């Protein structure tokens, strides 16, 4: 019996010899994808693979073949919208291409205006792609951003973009990645958004937020409104709000805590009343000379609060006009309303009455008085 | 057949906790809260609680049934059938019950092979996978019920770290998704609890291994605690599932829990979901082993002449054949449906009827005497 | 000295085998067989009134003792027959017997035989064994920083002495058995009466008694032969060279077995947890001891899994590699011409070669080889591009972790089970590792040690045993002996009193 069992166990390798391998060094790991819309359902797709700089083979002390420099770095070509780029470029790949460590997906503005629904449904179906990849809209061409070689930094471009977006979303920018995008895209009464990046000389920069209405780009909000947006969107603690209280005079508050609570009155009425109660605690490091001292903080607090709330209301008003709801106000109303009337929400949303009440607390003003 | 089981082959009362728990987990916890949200949206958690509580009642019924049976000899469903319905009808019923367990076995292996195919090895051949699993089943079942009990216990222990991964989801949860509470009518909640009820299937298999539990009184207590644990676990999963993603996003995913894991950033590794898949061997193997054991015991009861070893060989070969004959996802849904419906009929209709029959039988015999 | 004894035996048996007569019919026969053995002394003493034959094996006998304390009585004028000799010799346990097998075994143990005439079966057996063996030394294999240093030696009597002085109670029991068709090796089964489980004792004695062997050289051999599953690669009994550990085990209700000529005692039964317990855990305060135990557990898991996970991840699951590790892993892998599996196997086998070489070589040479192998070959193979330096770190660490296991035989097992894991990782990736793990776990749940479940505190679950398993709670919490052993007396001490004893309660604040 034992011998029989042993023989059977020895047969295992034969049973499963047929699973194809993905050996790490025989894989082209696609780290970034870019989509440039060129009209008529056609897309200029770009994929980037990292090339890890190495000093040649270790054994031959640098005289042998360069180990990794031989890896191709990017491929681009025209295909239809919604096509898997990896499948498209496989014939040009020097090794098998895999998307398992994808980091970033970029869309140019035209593509975003055209709509991302095909791309998103494809990504949502793919078990191999991580959901934490960064997504962004690009001013200009994604191909240019992904294939440019004149960056100051040497790290692979996809990582560069991902780090930049991740770093920023700890500050003024709201958390964005594929999952959040998909969540708002598929969810009812809410719309997704992405950061906008652009190439400026030899570096990249993140410049505002692109707002969508479902899968289509609608509008953008600028860098200066990011604090307002994030304040209304989620709890955070690293943002900076620059308040200009008269020309040439600025006070910047760096918040140690900001939280938002919503209240909704009359969720099923024609113009529901949405009240956002925002609480900002922060300290001041940057201020124009002689504008602030320990005595005048409470006056300053009031002024900043006022500026925040009027600007926030203005911003939401803009959203309502363009019919996009990135702050998930619709969902908030739903969560406050029993038997929420979802069918008429799209018509009621522009009429919604949004109020923002901000409380600012300056906890300290630095070490000089 | 003698009614007393040798003490050396008996399970400890604690096994009545682990075995139903591991059987209930099966493969269905991955699709939570999807079957329920369809009907009751954010109130899915009420549905899963109702169906969980109803299984407690059923478990109580089952224990009544088995305890009443104790005085007549061996207290399992096979002897009960033969005692109540005579040799032929009893054997037929036994076959039907065994068939249902067989469906459970086939379904579980097939579902897991699908999960492994989707999340780990797209090219994993079903036949080879099922052969390997069947070998392991053979090896485990040869060790007897105690061995299976041990694996069920270890499966519980190894699943603890898996469920600890859920702690990482806390920053992603949006509890506003759960609001407003109690927004659905009682009928839709009950309807959702009906579709959630087959998530609890598996605990009823105690009707087969009850005689093997030492100290049935203690075991009874543990069995209830086991179902309550499942209830709490499911409740947690449902809440995490609904709070994690919007309703629209949930509808677009087959395995919400896996998609959730896909988003998580855990230390040391990327792609938490692929790592988690590895744990599923531990929810799969103890369950299918117990099923095989039950089937072979049922057959042995009918054909005492054949050795259990050979019966097992036949069962496993048959299982391999059946598993490979299911080729498409659609067929998997169908067999899921068969299993769900038949299981629900057994626990909610057949077992209460059986209890009534048992009672009648007793009365009639008394009257005759 | 021991070696000589063995030589004699071997000579003796060879001769016997050529004669085709294992049976010896009479004392004369025995002496005739022994005649050719050079150190066998057999002579007739002719006194005035008393004549006798004296025979002994020179190399086993304390000759000085004979001359000083035995012969004077034989040669004196007052002795006339054996009875008088027996009465007069100032030695305890002088036996008079006709039992041939007793005579034979005693003679070969170093006793002196005295007869009235060469042909007469009636013999006087006088103990005159020369005890000369190794001095008691520090333990070498199971070293510890704290606690006793003594280690067992090759003499059973001395070993029992070492244990007995730690257990000065009358309940300390040991039973002598003689095992081996030819060798008749002395085996002592030691236990504390009233604590140890009677069934366990019976099982041990039965198993030892039923052995069908010719000779028994070492206790580890005995452990292999009486274990529940002879094919299992997991050791089922603990062998130790520390008398303090044996004493501790006896107090718990375990049974110890000592084989004459072996410097290791066996402790039976054993659960898997105990193989990862170092005895000095009990000498450290409990949080630290617990931390060390968990560290050891982690080390074992790391040692078993790490190289197979490397194979699985590099062969199938590149997605799992964290972002920042990809570049270094990638660059170190690209120069390697082999698949991850062969790379790992090369390095694993290299490490095993080194270990084996160092274990067989004299200490000083061994150290050199270790350095040469570890540093020179390792670095060179990385530079030559045969293995990646990432893997070198993993394998070196996993080899190190394997040696953390306090028990040598368990360490060997852990090193061995890496290979099935590596192969299954190649076949099915992480899924394969998981399935392989499941098979091993299933093997463990089936395994028993002396009929007791091998992975006891886990399955069947015993909460009171878990107090001294992965974690070690303070000693006053451990009021129960391991239930695993089903000891006759399961209570160690009164729980309540143990907790009361902590001392007067006071807190700094109240004072």
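Heads up, residue numbers simply count up from 1 along the chain you see.
Including glycine, each Cβ sits where the backbone N, Cα and C put it.
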Among B:175-192, B:193-210, find the range that TrEMBL records as transmembrane segment. B:193-210
Do at least three C-beta pairs under 8 angstroms join the transmembrane segment (B:279-299) to the transmembrane segment (B:152-173), pairs 6 or more apart in sequence? yes
Looking only at residues six or more beyond either end of the transmembrane segment (B:311-332), which have a C-beta under 8 A from one in the stretch? 102, 105-107, 109-111, 113-114, 126-127, 130-131, 134, 137-138, 141, 292, 295-296, 299-300, 303
Here the stretch out of B:126-145, B:193-210, B:338-360 with the most C-beta pairs under 8 Å to the transmembrane segment (B:44-63) is B:193-210
Under 8 angstroms, Cβ to Cβ: which one of B:126-145, B:152-173, B:222-245, B:338-360 has the largest number of such pairs with the transmembrane segment (B:193-210)? B:338-360
Considering pairs 6 or more residues apart, do the transmembrane segment (B:152-173) and the transmembrane segment (B:84-106) have at least three CB pairs under 8 Å? no
Counting Cβ pairs closer than 8 Å to the transmembrane segment (B:338-360), the top stretch among B:12-32, B:84-106, B:222-245 is B:84-106
Residue list, the transmembrane segment (B:12-32) vs rest of chain: Cβ under 8 Å, 6 or more residues beyond ends. 48, 108, 111-112, 115, 148-149, 152-153, 155-156, 159, 198-203, 205-206, 209, 213-216, 218-223, 225-227, 229-230, 233-234, 237-238, 241, 254-258, 280, 283-284, 286-287, 290
